[in-house]
Amino acid sequence: MERTRLLVILISTFLNSITLSGSELLVHDYYKEKCPLAEDIVRHNVEVAVLKDPRLAASLLRLHFHDCFVMGCDASVLLDSVEGMTSEKLAGPNLNSLRGFEVIDKIKYLLEEECPVTVSCADILAMAARDAVELRGGPRWEVLLGRKDSLESSFSGANLFIPAPNSSLEALIDSFKQQGLDIEDLVALSGSHTIGRARCLSFRQRIYEAKEEYHYGYDRYKRYTNFRRILKSMCPVEGRDNKFAPLDFQTPKRFDNHYFINILEGKGLLGSDNVLISQDLYGKITEQVWAYASSEKLFFASFAKSMIKMGNINVLTEIEGEIRRHCRFVNA
């Protein structure tokens with residue numbers, strides 16, 4: 001069964017390189033008549049959650065990303081394991097890492113009270129990601145709505161398609177290309193690392209393997225050396241796997257363009273951050289990074305555009321999928 005599901009995913013990623021299936025059926029104000037308070041309910045509850053725990057902003061954004069990169073933006077990441085189907089939550093990139101499920105559960109409960117079987121879990125994820133970014137100082141964009149929820153998850157797909165924190169630039173480009181996203185999308189969406197934290201397990205390799213691609217290539221003012229010393233104090237060679245460090249040491253709780261300044265200085269926390277510069281052989285990505293580092297307005301506009309594009313990956317609409325009554329389980 002899992003091999004069949006994986007084959008379906010591989011076919012769908014090929015189709016994504018041609019067209020973002022179903023996205024033309026998504027519209028603005030989809031719930032204006034069906035559930036007028038839908039977006040207000042989502043925003044209010046995201047706001048309450050983020051005020052209580054600012055980390056949840058990055059967590060909700062990451063949930064949407066990890067959902068869309070496996071079978072498309074269909075809320076498959078929210079499904080719990082049942083007999084014959086292993087949850088994506090248990091896959092390597094997600095296990096003990098993804099957060100925010102309870103926030104989505106609460107929003108879904110309230111929406112079911114207001115408008116039963118109307119607002120999909122996939123749309124909730126898209127709206128919650130947008131609101132989380134805005135609440136931390138980032139841009140706001142109009143989310144296209146009308147997605148349906150998947151009937152299955154893919155444990156193997158989550159292990160295969162979600163980029164690793166130590167990915168090479170070539171691997172990152174290929175991963176995004178499989179989803180119909182280009183290099184400009186890769187750079188813009190990497191800017192989401194301006195908020196959130198990562199576990200020692202995710203950046204240990206970046207500290208202790210002295211590879212050229214993990215830093216800018218020179219260290220004239222010892223900035224990279226000093227930053228590495230700080231990281232070593234937080235993350236030893238062994239142990240403390242779950243010790244957290246902010247992805248952006250300068251403004252960890254604010255969504256801004258400082259991430260791009262960091263990687264220009266070789267201060268990206270993850271190996272996959274620094275390779276945007278160190279492995280950019282032709283300079284095109286470096287130019288884009290410099291542009292975003294110089295203009296937060298430009299970064300915000302590009303990020304919003306790429307988020308809309310990502311949110312349209314292989315969506316289910318009309319008779320495809322369903323609107324789940326509970327985001328953790330398919331309807332009986």
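For all residues, glycine too, the Cβ spot is worked out from N, Cα and C.
Whatever TrEMBL says is automated annotation, not expert-curated.
Of the listed cysteines (CYS35, CYS68, CYS200), only CYS35 is recorded by TrEMBL as the disulfide partner of CYS115.
Each of the binding-site residues GLY72, PRO163 was scored by the number of other CB atoms within 10 A of its CB, and the lowest score belongs to PRO163. Between the alpha carbons (Cα) of ASP74 (Ca(2+) 1 binding site) and PRO163 (substrate binding site) lies a span of roughly 19 Å. Considering only the recorded positions ARG62, HIS66, HIS193, GLU88 (Ca(2+) 1 binding site) has HIS66 as its nearest partner by CA-CA distance. There are 28 other CB atoms within 10 A of the CB of ASP67 (Ca(2+) 1 binding site), with all protein chains counted. Comparing CA positions across the recorded positions ARG62, HIS66, PRO163, HIS193, the one lying closest to GLY72 (Ca(2+) 1 binding site) turns out to be HIS66. Looking just at the domain 'Plant heme peroxidase family profile' (25-331), the mean pLDDT is 93.
One way to see the shell of the Ca(2+) 1 site is to take the Cβ centroid of ASP67, VAL70, GLY72, ASP74, SER76, GLU88; the remaining same-chain residues with a Cβ within 8 Å of it are HIS66, CYS68, PHE69, MET71, CYS73, ALA75, VAL77, SER150, SER153, SER154, GLY157, ALA158.
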